[in-house]
Amino acid sequence: MDHEQRVELIIEGAGCASCVGKIEGALKGVSGVVGAEMNFAERTVSVDGSVPIDDLIKAVESVGYNAKGTEGVSEDDLMDEKEATDLAYYKRLMREVTIALTLGIPLMAYSLIVGEMTVTTTTERIVWLIIGLLTAGVMYFSGKHFYVGAWKSFLNHSANMDTLIALGTGTAWIYSMVVVFFPTVVPDMARHVYFEATAMIIGLIDLGLALELKARGRTSQAIKRLIGLQAKTARVIRDDKEIDIPIEKVLLNDHVRVRPGEKIPVDGIVVEGHTAIDESMLTGEPMPVEKKESDEVVAGTLNKTGSVVFKATRVGKDTALAQIINMVKRAQNSKPPISRLADIISAYFVPVVMIIAVVSALVWLNFGPEPAVAFAIVSATTVLIIACPCALGLATPMSVMVGVGKAAEAGVLIRNGEALQTASKITAMILDKTGTITLGAPKVTNIHLVNAKDEDGVLHLAASLEAGSEHPLAMSIVESAQDRGLSPSGVEKFKAIAGHGVEGVVEGKELLFGNEKLMRDRRINVNGAIDAAQQMAAEAQTPMYFAVGGQLAAIIAVSDPIKEDSIEAIRRLQKNGIRVVMLTGDNRATAKAVANKVGITEFFAEVLPEEKSNKVAELQMQGEIVGMTGDGINDAPALALANVGFAIGTGTDVAIESADITLMRGSLHGLADAIAVSKATLRNIKQNLFGAFIYNVAGVPFAAGVLYPFFGLLLSPVIAGAAMAFSSVTVVTNANRLRLFKAQEH
Amino acid sequence: MLIINILGILLIAGIVWWFWLYKPADVSENSSDLLVTVKNGVYQPARLKIPAGEAASIKFLREEASPCAGTVVFSDLDISEELPLNKQKTINLPALTPGTYSFTCQMQMYRGELIVSDKP
């Protein structure tokens, strides 16, 4: 750090103005610090001096506060910077194109109109010498990057596109200069110059690079849109004052006010007010979501109606939006297995093309008609110029970039290229029932008394027992009790019996709450209640047996409503030839009722959580490529074992870590969208790879002159240059076609 | 003509040897402070050596505006990072098992190797 340098630190935990002196003092005490000044309102401190930032952070920590640097550049700034870099590079390329084509086009026109550019007279030698020198100027001003790149790669024992272009144009120019200086070295008929080829090829390939750059810019539109969702400033409340600060400076637990029409700057929990928030930009869910105290809000979403204050719970790189951006960026740059062959080929491609060029020249020299030297030079140059490793290399990444971005726009986060490719091949999809097909918010719909006297008494005991449980069914019991104004008592000896139920002691009574199997295991007589339970199950309600003091007291039925669009989305999957299988821990009758309603014929009921992955394996044994959809937490082992694990996020709660693909909204349409976008992307990759392979496989032999003996056809190096320049533009443009993909095709 | 043919065959042999058979010496060996410059179509140095079983970090400095230079991908490690122009970007690597890991640009035209070996 220079003496002149100023470092800004964000201070956490500074709650009172007296902290200012302590922190400034601690920093000034560090040797090398010239000055330290704290802005208490913003909780930042500016330090002048030549000290590593870690030492400054330690000094602040030594007096009991936390500090962090503000050096991190925001995604927004990075994107702006990238755009500025690309624009400057584009302008430079276009300048180079202009210089090269200003010489190349008239020369080309001359060769087409006047004819052969031969060197016979002294005047011609002088004129061509001048043009040769002008071409050298073009090579320097417009093509220097090819030659420098080729040379550096050569020293590195590698070869790339620069190598081919440098060799191709270099060969044409050197041969032409030899003709100009030593015409007698080559046979009469071969005294031909190719300066127009050199200038045109450089111009055209620079033009191709410029167009490719423009097209590439469009491939990252989705990520740009996500980054654009971030608010730039936040209105935080510090010392009862509301101040606007950059979002990078928002601290954990800061209270932040958001007014109608403003974006939520960081993740948090509402502490005051209520509003409706449009989360569509993140989740694809079109309806605004009501938010009141204790509800979560997510950075990047739009506050619609009310003014709210929320407490910041995740800031900076930890917000869901930042994680989503990070994940999409990573996925956009990852490669699906389909690209492996292209990758292997591109690693060997350039030296192979160089060898083909040499072989082609030798064949022409040995067996070609006169002027064999000219034919050899033309064919070698054309082979070098037409071969396009870029088209091969670009084929996959460009499509993945657009496809992953397009998926993100539809609220589908794809972890990497492999998940993208496998998702396109899924033949069977396992859907967890609760929370996936259904809302996952069950309600008590029926209380059938057996030995108990009143419903409220039963519900009170049941709710007291379940208060400590996190199971969705338990929560429905507790909520129902609250709705009836019943407050729970304390529970002792609480124990959850996985996949079966719970037990515990409330008000001295031994309680047991769970499925029929649990009752039978504990030898509780349920015989008189089986019919009622079956009736409930047939109506898609989940009956649960409640025993008090070793005797069945009641059956409480809860029902979890099916999501509005589950039926339609499942039909969409089935229409695409996917075998849809439902999986649930619920009893068989309830499972059957739900399956019937949503049109699923195959289901597994009463599956214990640890058995879910066995069902995935079972389908895989049958040769299916299995997708598993669950909530990402309880289903982690099954999600991991499936060929593709889909986690259903509930809008804000993004289970990024556990799944290959995360659906940001609850709707199962996301699933069909994810598969559709994967298929479209894979199709696009295949088109690109096919195009790139065919182009090189057909182009290189054509350039070498294999058609000459049969049809007298030999490709001009200029045409080869144009084809090469536009082959990679074509690949990027084809990838951009994916942007037109419509996610929700019902 | 014979001489030209022999020269041609020698040229082919030279290409095979230079680009495929010849392995340049390890250029950079240091676990704490590796700097790779991205310029003129290559990574410099293009071969890095780090000890196995230790986390390491590599700084990349992109000095070339071409978009090809803009991303570095360690495909075996599922790492892909954008490189800003003229600014160092640190890439943190987890502790790795011995082996050779390649790093490339998106299109595999810029190529480098990370050699992870057991400590002597």
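Any Cβ shown, glycine's included, is placed from N, Cα and C.
Bear in mind that the values here come from a model prediction, so they are computed numbers and not experimental data.
Feature annotations, reproduced from TrEMBL:
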type	residues	note
DOMAIN	A:5-68	domain 'HMA'
TRANSMEM	A:97-114	transmembrane segment
TRANSMEM	A:126-143	transmembrane segment
TRANSMEM	A:164-186	transmembrane segment
TRANSMEM	A:345-367	transmembrane segment
TRANSMEM	A:373-396	transmembrane segment
TRANSMEM	A:689-708	transmembrane segment
TRANSMEM	A:714-732	transmembrane segment
Annotated stretches the transmembrane segment (A:373-396) and the transmembrane segment (A:126-143) touching (3 or more Cβ pairs under 8 Å): no
Same-chain residues at least 6 beyond the ends of the transmembrane segment (A:714-732) whose Cβ lies under 8 Å from its Cβ atoms: 108, 168, 172, 194, 196-197, 200-201, 204-205, 207-209, 211-212, 215-216, 219, 375, 378-379, 381-382, 385-388, 390-391, 394-395, 398, 688, 691-692, 695, 699, 702-703, 705, 707-708
Beyond the flanks of the transmembrane segment (A:164-186) by at least 6 residues, Cβ under 8 Å: 119-120, 125, 128-129, 132, 135-136, 139, 143, 146-147, 149-151, 192-195, 197-198, 201-202, 205, 350, 353-354, 357, 371, 373-374, 377, 380-382, 384-385, 387, 389, 717
Counts by DSSP class (helix H/G/I, strand E/B, coil) across the domain 'HMA' (A:5-68): 21 helix, 23 strand, 20 coil
Long-range neighbours of the transmembrane segment (A:97-114), counting only residues six or more past its ends (CB under 8 A): 131, 134-135, 138, 141-143, 195-196, 199-200, 202-204, 206-207, 210, 718
Stretch-averaged pLDDT - the domain 'HMA' (A:5-68): 79
